[in-house]
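Structure first, commentary second.
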Amino acid sequence: MASRKLLLLPGDGIGPEAMAEVRKVIAFLNSDLNLGFETEEGLVGGCAYDAHGQAISDADMEKALAADSVLFGAVGGPKWDSVPYEVRPEAGLLRLRKDMQLYANLRPAICYPALAHSSSLKPEVIEGLDILILRELTGGVYFGEPKEIIDLGNGQKRGIDTQVYDTYEIERIADVAFELARTRRNKVTSMEKRNVMKSGVLWNQGVTARHKEKHADVQLEHMLADAGGMQLVRWPKQFDVILTDNLFGDLLSDVAAMLTGSLGMLPSASLGAADSKTGKRKALYEPVHGSAPDIAGKGIANPIAMIASLAMCLRYSFGLVAEADRLEAAIAGVLDDGIRTADIWSEGNTKVGTTEMGDAILAKFKALSA
């Protein structure tokens, strides 16, 4: 049996505590299900700066490039607020994305039935929500040149950011969207601002052409991004996969995540190009939440987003769909049982710590895997 190579990068703050619960699940996948995961560990973020003077070492970057997949915790904290900009903790994540050439960011928005009341929307609008926002991660206005502030010499300044997309960038992210839709409900909604932006016109043309050329079996609709934001709040369950650029994806994915009322419980994935020989994509999985230094080391952090990130990893990097389904069902089942960490606790539920939540999910996963 071929081994499955995983690099674990716990990072800073609550990252190590959450990753400890993931290790338990991986141990079970190996010992009881014989799935052959090989794990290595490395440093990223502030802890890497403390050890090496940089946010990720070249050696750990090599481990990331050699792995089938990377599981990332969280980085940052006030301890490193004054370090030089180029070695700040967040630079470790940026280097991982850049060197691994991760251009497709997947942000699911899932409403767990037991937490439907946590949303600011009516339960009938949000209950059963399961959508996926696919954001182009390496192009667009965040990376386009020129990017500068110019002194106009008359007491005025001008800030310049440039939105740039090439056809190949649009085509490759569109391919990912259609591939993902086939594994879900077979629908892609592409969002841009073609009415006022030339890059939006090209985006629309590129997605349409790619659909006609390679993916005509998938339903495709186009929507202006501002209208898409409105529809996300009005009736989010109309969507399956939302495909959009870097800027709009940044905005819309946070809107979609908060629909669920549980931003800190959601996972994400960043994927790269498919290998020409194996078809596998480089991938990094991480919780949406930050490092939460204020609660680090207290044993009260919620590990659900980190465990859900492992479920995404099983699904998208290793094709272990049944195992991913069971792990996600285990999370939902524990929530149905009223087990809560402090961040999602309410009257009438059972408050537990990080370890207890991880143990409960693992026990449920074991029962579902029997």
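Quick reminder: no glycine exception, Cβ is built from N, Cα and C everywhere.
As recorded in Swiss-Prot:
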- 77-90, 290-302: NAD(+) binding site (BINDING)
- R97, R107, R135, D226: substrate binding site (BINDING)
- Y142: site 'Important for catalysis' (SITE)
- K193: site 'Important for catalysis' (SITE)
- D226, D250, D254: Mg(2+) binding site (BINDING)
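Mapped onto this structure are the features recorded in Swiss-Prot.
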{"residue": "G77", "record": "NAD(+) binding site", "DSSP (3 states)": "coil"}
{"residue": "Y85", "record": "NAD(+) binding site", "DSSP (3 states)": "helix"}
{"residue": "R107", "record": "substrate binding site", "DSSP (3 states)": "strand"}
{"residue": "R135", "record": "substrate binding site", "DSSP (3 states)": "strand"}
{"residue": "D226", "record": "substrate binding site", "DSSP (3 states)": "helix"}
{"residue": "D250", "record": "Mg(2+) binding site", "DSSP (3 states)": "helix"}
{"residue": "A292", "record": "NAD(+) binding site", "DSSP (3 states)": "coil"}
{"residue": "I300", "record": "NAD(+) binding site", "DSSP (3 states)": "coil"}
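In the shown protein chains, 25 other C-beta atoms lie within 10 A of the C-beta of R135 (substrate binding site). Other residues of the chain with a Cβ within 8 Å of the Cβ centroid of D226, D250, D254, the Mg(2+) site, are A225, G229, L247, F248, G249, L251, L252, S253, V255. Checking Cα-Cα distances from D250 (Mg(2+) binding site) against the binding-site residues (D81, P89, R135) with a 10 Å cut-off leaves R135, in sequence order. According to DSSP, K193 (site 'Important for catalysis') is assigned to coil rather than to any helix or strand. Here the C-alpha separation of A296 (NAD(+) binding site) and D254 (Mg(2+) binding site) works out to 24 Å. In this structure the residues listed as binding substrate are R97, R107, R135, D226; their two most distant Cα atoms lie 28 Å apart. A Cα-Cα distance of 23 Å separates D81 (NAD(+) binding site) from Y142 (site 'Important for catalysis').
A gap of 8 Å separates the Cα atoms of D226 (substrate binding site) and K193 (site 'Important for catalysis'). In the three-state DSSP reading, R97 (substrate binding site) counts as helix. Long-range C-beta contacts of G77 (NAD(+) binding site), restricted to its own chain and to partners at least six residues apart, with a cutoff below 8 Å, comprise D12, G13, G46, P89, S291, P293, A296.
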